Amino acid sequence: MSGILNSSIGRKFAMALSALFLMIFLLQHFIINFSSIISADAFNNLSHFMGTNWLIQYIMQPVLIFGVVFHFVMGFILEIRNKGARQIKYAKNNGAANSSWMSRNMIYSGLFILIFLVIHFIDFWIPEINTKYIQGDMSGLLPSGEYRYYEELVHKFQPLWRVALYCLGFVFLALHLLHGFMSAFQSVGANNKYTRALKGFGKAYAIVIPLGFIIIALVHHFNH
Amino acid sequence: MNLTLKIWRQKNANDKGKMVDYPISGIEPDMSFLEMLDVLNEELINKGEEPVAFDHDCREGICGMCSLYINGEAHGPDRGVTTCQLHMRMFNDGDTIYIEPFRAAAFPVVKDLVVDRSAFDRIQHAGGFVSVNTSGNTIDANSIPVNKHDADDAFDAATCIGCGACVASCKNSSAMLFVGAKVSQFALLPQGQVEATDRVMNMVKQMDEEGFGNCTNTGACEVECPKGISLENIARMNREYLKASFKG
Amino acid sequence: MALDSKIPKGPLADKWTNHKNNINLVNPANKRLIDVIVVGTGLAGGSAAATLAELGYNVKAFCFQDSPRRAHSIAAQGGINAAKNYQGDGDSDYRLFYDTVKGGDYRSREANVYRLAEVSANIIDQCVAQGVPFAREYGGLLDNRSFGGVLVSRTFYAKGQTGQQLLLGAYSAMNRQIGRGKIKMYNRHEMLDVVVVDGKARGIIARNLVTGEIERHSAHAVVLGTGGYGNVFFLSTNAMGSNVTAAWKAHKRGAYFANPCYTQIHPTCIPVSGDHQSKLTLMSESLRNDGRIWVPKHMEDVKAIREGKLKPTEIAEENRDYYLERRYPAFGNLVPRDVASRAAKERCDAGYGVNKTGEAVYLDFASAIQRYGKEQAHVKGLNENDAALVKKLGQEVIKNKYGNLFQMYEKIVDQNPYETPMMIYPAVHYTMGGIWVDYNLMTTVPGLYAIGEANFSDHGANRLGASALMQGLADGYFVLPYTIGDYLSNDIRTGPISTELPEFEQAEKNVRDRIESLINNNGTHSVDYFHKKLGKIMWNKVGMSRNAKGLSEAIEEIAALREEFWKDVKVPGTADEFNEELAKAGRVADFLELGELFAKDALHRNESCGGHYREESVEESGEQKGEAKRDDENFKYVAAWEYKGEPKEALLHKENLVFENIELKQRSYK
């Protein structure tokens, strides 16, 4: 078991595990965000719970951060190693003949997602941490006495540039997932009679979830 | 047919190498790709130039010796064939055809289009066998019944000809399809179960040491494989490897 | 020197067991002190190398390919025979022995063939233990199929890739020993001479095909598993690299060459499409189980077909000549290979060939598709009179049986064989002749062994389908490892053989001189030019049908061509690099010598037997009129040729064949 991360399969396994974890997180994030276009109260309550529950804040949040960082760092390590496995490039390579654009460009869709995440952190996460842990306001309330989460969300989606960037980020996430979802299952060794069904589900997931995030952003942008 | 060939020429392993253009005419659609190269070589010899070196032997698609990256694909544009079975009718008069060696750090070029694929052999030395003596003092063949589906799957994995098209096609030069096929063949048969743990650990270790890249599941190998070896074999190897790793 | 075949005394069935009990053994500690060189890593060489290493000998194995796994054994399609009697259909060691001797037209050695039959069952056990994925039935047990010219189901198979799977089995056994350091593998090395010291084979000279380096390798014994020499015809189903060089060098160093003229011409190959053709592709003999062979009855139909004005499917049933069914009503399309090949040639020579070169006949699956389709429709309770449905169902059955062969045919010929008949023509496939060996598989040079297709021993004048794989593995796994111990037991005190001996020096010098003269020749024609010319002579005058006049001409023509070759061949590049043309030149030079001996042997054997057909020796009356006529009175012997300078001066030694357990009969398939 020791040293599994030194083997090619071990690394891919770790990559896949972190990916599966992130995909579950993404689903959870989506459900909460989606609630914002149904009911402001539901969104506020869920956000407050997530933002103040000790299990989420002190256990899951660090795990998530580790997961994200690990996935990116491992992604870069693998990319560097893979580049080294072919030092002389082909004069002519017809990759489209045998594989999808998404599968061949995970590093680029991943990089764009990384840029998006950095902005997302600066935009949403850092102010949130600032309010809660630097200023010490754990109430989650506006001066008006209402929860602040929904208000803040709506406010964030007002500038067009942010909405545009947000949408673009999710387009790349969709591309990343279109290959990544199934790839993660293959890497952990799941390829059997359920694979066809899983492939269909993976495609649906890769399109529906990012599209949902985009719709949420557009709804808030145009409704307010 | 008249064609323009762009061929990788490299005198030996230490030479830098470059693409060289060769116009060729009088090619018939019924010729195999290698017969087209035979025609070119005959012309080159008659002109006093050095013929193009390329690997080939059986010319019926089973020995795995022929290689070539043709117009950006291992074994060329046809499916389910090796280069020796690729026919010129797949091309059109006036085409330009790129002919390059299989590229991978683990497959160094020997000369022109010939590469050294002995890394595959070394992976097999590490565990591509069942440790039975060849003394003949084995038990009767029919005392080891094998489920027909497993036997058929093992056969499908075993049809790999070790040509290296998977490595050449993979954007990461990964050898996972080749190794996966061998691991699968034995993992599916009771004869191979006994040393399954050691086998997969040793073969993957050797594969990594040879400098092949990681599998990113693009599926290019499966598409380009002349024998249609399935990606399921890679998943099976992943399972076997993880099982073996956690066993310790 | 009189030939001593060293056949053990005693009843046929006990000879091998008794022999094993009586020969000398080498104790395990001493095996470590003994080196063995194995040249060639196909089924015979690979299995021998693995087994010798496992016994404890230090093995050096050589192959000219980039990996042992590429050896041409890999291309065998149909299967491997073994007298397992799993089907309970009355098979036995004796029946396999009988079928093999009869199939070989009574020109093989009884004791060797019986031993082959005896160890055959064990091959299957061995291969299954190694993880060879043979075809299985739903109950999980091994499946069998039947094969040309026998009455039982004894052929084990792995779809159409049996040779590949068996070779990978032997290769895996080798890998295990390479991993343990007991085999030192030399890939991309070609043997260019045998070194004989004090009358014993003590090593080889090899050329590293990547660097061009000439290397000396010594050992206490040398084993040749270097395959057949069908490429002397230029076009054959052999791999491009298959060659006679190792065997020919051994011959020149004193090993007798036996029955060189026994060549198997396989009836079902894809026809030649033009002058550019580099090799021929075999379609498994199993196709003849369902395909019917025919040519048009009328010359005007033949002409129309060649001009593209008529399609074969448009020719009415009554205007087709199913010539095998006509001539051999009892066996029909399933006559042995040699008979089927000659019949195709006879029709094409008469002008009825159906492609532009006039050398092709049809192999038609239409009636099998109809038959299977009706059967399926009946089984499924569908309308048996719905023509389209019947055709579709029938095609599915055919696809399941021969799908990969049909696909291969379509890739090469660009015609869909489900819709239009295949075109086939005979092609050179296997050589039954080879280096003469005694019962121990030792050649006439002490310490030099020949196994598999490289020797002559088991198939007589014609080999049965699915028997080549059996012989290769029998020799390598189960025979040679025993018999070589008897010889090596005298070498336990010899110690390592020095490569500095004058014999090594001389052999190396010869090799270097020859390479130099090829490289510096600077002639006007490429190696292939000469090889193709040789092939034409061989095919036209020493091919499927031979006569004294043609053979005499061939001998002269080959000698003249050889002279021209050495004057005018052009080998580009240098000696100290990867140089395929140089390697080819050396091989063709040897073919140019072998070809002459081949023709000489064919000329001297004035009888028709198996694959060797002399127009002078045919039945002149009776039911068998026009069929091949064997002459047991004058030719019931093995012709072993001793090298005497020029091939045409080779000296004939006869090993008389004694048949004590089998009655000699004329083969009849009428």
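Keep in mind that glycine also has a Cβ here, set from the backbone N, Cα and C atoms.
Per TrEMBL, the feature domain 'FAD-dependent oxidoreductase 2 FAD-binding' maps to C:35-469.
According to TrEMBL, the active site, proton acceptor annotation covers C:R337. Secondary structure from DSSP puts C:R337 (active site, proton acceptor) in a helix.
The region 'Disordered' annotation in TrEMBL covers C:611-631.
For the domain 'FAD-dependent oxidoreductase 2 FAD-binding' (C:35-469), the mean pLDDT of the prediction comes to 95. Here the region 'Disordered' (C:611-631) is broken down by DSSP into helix, strand and coil counts: 0 helix, 4 strand, 17 coil.
Listed as Cβ neighbours of the region 'Disordered' (C:611-631) (distance under 8 Å, sequence separation of 6 or more from its ends, same chain) are residues 105-106, 261-265, 337-338, 342, 432, 461-462, 544-548, 602, 605, 666, 668, 670. Cβ-based neighbour count (10 Å, all protein chains) for C:R337 (active site, proton acceptor) stands at 26.
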